[in-house]
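Note sheet for the following structure.
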Protein chains: 2
Amino acid sequence: MKNLLVELGDRSYPIYIGSGLLQQPELLQKHISSKQVLVVTNSTVAPLYLATVVNNLAGHTVAQVILPDGEQYKTLEQVNTIFDVLLAEKFSRNATLIALGGGVIGDMGGFAAACYQRGIAFLQIPTTLLAQVDSSVGGKTGVNHPLGKNMIGAFYQPQCVIADADVLDTLNDRELSAGLAEVIKYGLIRDLAFFEWLEANIGRLAARDKTALAYAIEQSCLNKAAIVAEDETETGVRATLNLGHTFGHAIETGMGYGTYLHGEAVAIGTCQAADLSRRKGWLSEADVARIIALFTAANLPVTPPAQLASERFVELMTVDKKNVDGKIRLILLQRIGAATLPDYVDQALLEETLNHYGR
Amino acid sequence: MKNLLVELGDRSYPIYIGSGLLQQPELLQKHISSKQVLVVTNSTVAPLYLATVVNNLAGHTVAQVILPDGEQYKTLEQVNTIFDVLLAEKFSRNATLIALGGGVIGDMGGFAAACYQRGIAFLQIPTTLLAQVDSSVGGKTGVNHPLGKNMIGAFYQPQCVIADADVLDTLNDRELSAGLAEVIKYGLIRDLAFFEWLEANIGRLAARDKTALAYAIEQSCLNKAAIVAEDETETGVRATLNLGHTFGHAIETGMGYGTYLHGEAVAIGTCQAADLSRRKGWLSEADVARIIALFTAANLPVTPPAQLASERFVELMTVDKKNVDGKIRLILLQRIGAATLPDYVDQALLEETLNHYGR
């Protein structure tokens, strides 16, 4: 088992990475100081792992909330159903909330923990590759709004994260690929050596080689933890984690939450960001081809949906947390392994990129 | 004009107290660094002060949200209407939200600011005595849930608070008295000299003597700021600010939000807490009589509603943020000017207090 520490002063917390971690009740127990524990999960994960987690909580008063599965349910209404249970069960401010699921469950469970009685303890057991490498590190919690993704939320750190590689056995191929999109992102934005390792090992990852997966999870968490430690509330370098996300969020919102998985939308968006970076003169055509080839080898889409017109893209991208006073800002690549956030986007180049796909 | 600083490290902020402050645009302007500004207010305050505040924002892009007036509207749904406007107007993360109104508007506006894009800048212009002396100091924001008051929220500090004593001219008598309930509370929990000043000057306050009101606001804010500086997130002494509030919240929730004003419920609850403190052997009968006399002189109710049975009281009090693992905890008075939070409540004494009023 690897034990990484996310360094955030008095909000620091460990990420445990390894196999068989859900079979170790003491990992969970040592981070829970309350009698009352609420487990929040979804209808896909519950039949697989809920009983195991509840069994690990002997001696506690355990309640559970099973939400519907999917990004389209990442709403304030669903978070409210968590509050309903916490209040109906008379949970007090020293209670603990465990989020057992993918990124959607982690984001909603974390936001509910941040807001219930102005903050209760929170643990994460991510059950998708995407959640293990991305949403479980860094304390971003929240929900979507019909007009924009992740627009309502809080920065709120967990007590610990337990990333058990064994739970990836039950992940379907599409979800596994979606997770690889964020893994590839870490290489692109700050770690050329990891990007090259991914090019050499993408076949092993897609074939679920456990050793390769554990290494990819660890390197991803290390990269993200280093960025978050430097910039917890995204006033600077943390924004580079959003490579491909402004395009990607536009695709998710524009096509309706749930049509594309988050990682799929990010894969497409990153290819668009790479195209725009080439038009800025930063990436070569060969660089862009390498990026597209790696996403393709991870079984990810690399072309935006034809239905989404360029004008609609721009409209959707105008609502983004990186924007300043209504102006679009995008993370771009100066080279493979180095991301940047320019002060503004050349409107003409952006339109060239949006029109590049024959829409 | 008085200028108090709430000392919270890099979250410190000033409270400006005085007359004519809404006529000084520079007070507001120097705390706003963004182009986009949203003013959140309610249907009672809007016709009185919204135009003045908007006029003070020349040069900014100003949007507004006018919510219905009343504690019964302090809900997640109403906060969502604030998000709707922020997103429809494409407000970015560097936008500023101004809460113009009483405690309900301050709590909802502050919570919306805390959650929108995980936190935007926030200013408060409290327009009731209650909001000026209580909810504008200390960063508690949030909304009610049908099963409990202030159960969903965040700790979130404003950039500044502008408490203009002139706005109290338009406050009705009932709201003025409700504010005095919290003013009296500060004397009871930690400031005997202020309590005695209130006994001598309650007539001037009820008659809206401006000099007396300004002094009462200042002393209240000083007391609250000192407590908040010591314990921002209520892990200790801050809980004493909740004197009378556990009983009071039970009355508000049990009778339906809006039946009693918050300050009215707190006045009753504080008399109940005083009664229980006497049964503990801490207060004398004469102390309790002094407390009841002062609330009565402030035109506040001192007896719980007959409709609320003791069993229902206990049930409602079981959901409270001070409780630990489902056990009721209450702030009591060791003497006038000194509050305490015992580890547990003697159930028998609590029932004596609840039954004391012939219900």
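Using N, Cα and C of the backbone, Cβ positions are placed for all residues, glycine too.
A TrEMBL annotation is a machine prediction, not a hand-curated record.
The feature NAD(+) binding site is assigned by TrEMBL to A:69-74, A:103-107, A:127-128, A:LYS140, A:LYS149. Feature annotation from TrEMBL assigns Zn(2+) binding site to A:GLU182, A:HIS245, A:HIS262. Residues annotated as domain '3-dehydroquinate synthase N-terminal' in TrEMBL: A:65-177. Annotated domain '3-dehydroquinate synthase C-terminal' per TrEMBL: A:179-323, in sequence order.
Recorded features from TrEMBL, shown on the structure.
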residue: A:ASP69; record: NAD(+) binding site; Cβ contacts under 8 Å, 6 or more apart: A:ASN42, A:SER43, A:THR44, A:VAL45, A:VAL104
residue: A:TYR73; record: NAD(+) binding site; Cβ contacts under 8 Å, 6 or more apart: A:LEU67, A:VAL104
residue: A:GLY103; record: NAD(+) binding site; Cβ contacts under 8 Å, 6 or more apart: A:PRO126, A:THR128, A:LEU130, A:ALA131, A:ASP134, A:SER135, A:HIS262
residue: A:ILE105; record: NAD(+) binding site; Cβ contacts under 8 Å, 6 or more apart: A:VAL40, A:THR41, A:ASN42, A:VAL45, A:LEU67, A:ALA99, A:ALA131
residue: A:ASP107; record: NAD(+) binding site; Cβ contacts under 8 Å, 6 or more apart: A:LYS74, A:SER135, A:LYS140, A:THR141, A:GLY142, A:VAL143, A:ASN150, A:GLY153
residue: A:LYS149; record: NAD(+) binding site; Cβ contacts under 8 Å, 6 or more apart: A:HIS249, A:GLU252, A:THR253, A:TYR257
residue: A:GLU182; record: Zn(2+) binding site; Cβ contacts under 8 Å, 6 or more apart: A:LEU130, A:VAL133, A:ASP134, A:SER220, A:GLY263, A:VAL266
residue: A:HIS245; record: Zn(2+) binding site; Cβ contacts under 8 Å, 6 or more apart: A:VAL266, A:GLY269, A:ILE331
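Taken together, the residues in the domain '3-dehydroquinate synthase N-terminal' (A:65-177) have a mean pLDDT of 95 on the 0 to 100 scale. Those residues of the chain, other than A:GLU182, A:HIS245, A:HIS262, with a C-beta within 8 angstroms of the mean position of the Zn(2+) site C-beta atoms are A:LEU130, A:ASP134, A:ALA181, A:LYS185, A:GLY244, A:GLY248, A:GLY263, A:ALA265, A:VAL266. Helix, strand and coil counts from DSSP across the domain '3-dehydroquinate synthase C-terminal' (A:179-323) read 104 helix, 0 strand, 41 coil.
Taken residue by residue with DSSP, A:ASP107 (NAD(+) binding site) is part of a helix. Take the CB of A:HIS262 (Zn(2+) binding site) and look out to 10 A: across all protein chains shown you find 28 other CB atoms. Long-range C-beta contacts of A:GLU71 (NAD(+) binding site), restricted to its own chain and to partners at least six residues apart, with a cutoff below 8 Å, comprise A:VAL104, A:ASN144, A:GLU252, A:TYR257, A:GLY258, A:LEU261, A:HIS262.
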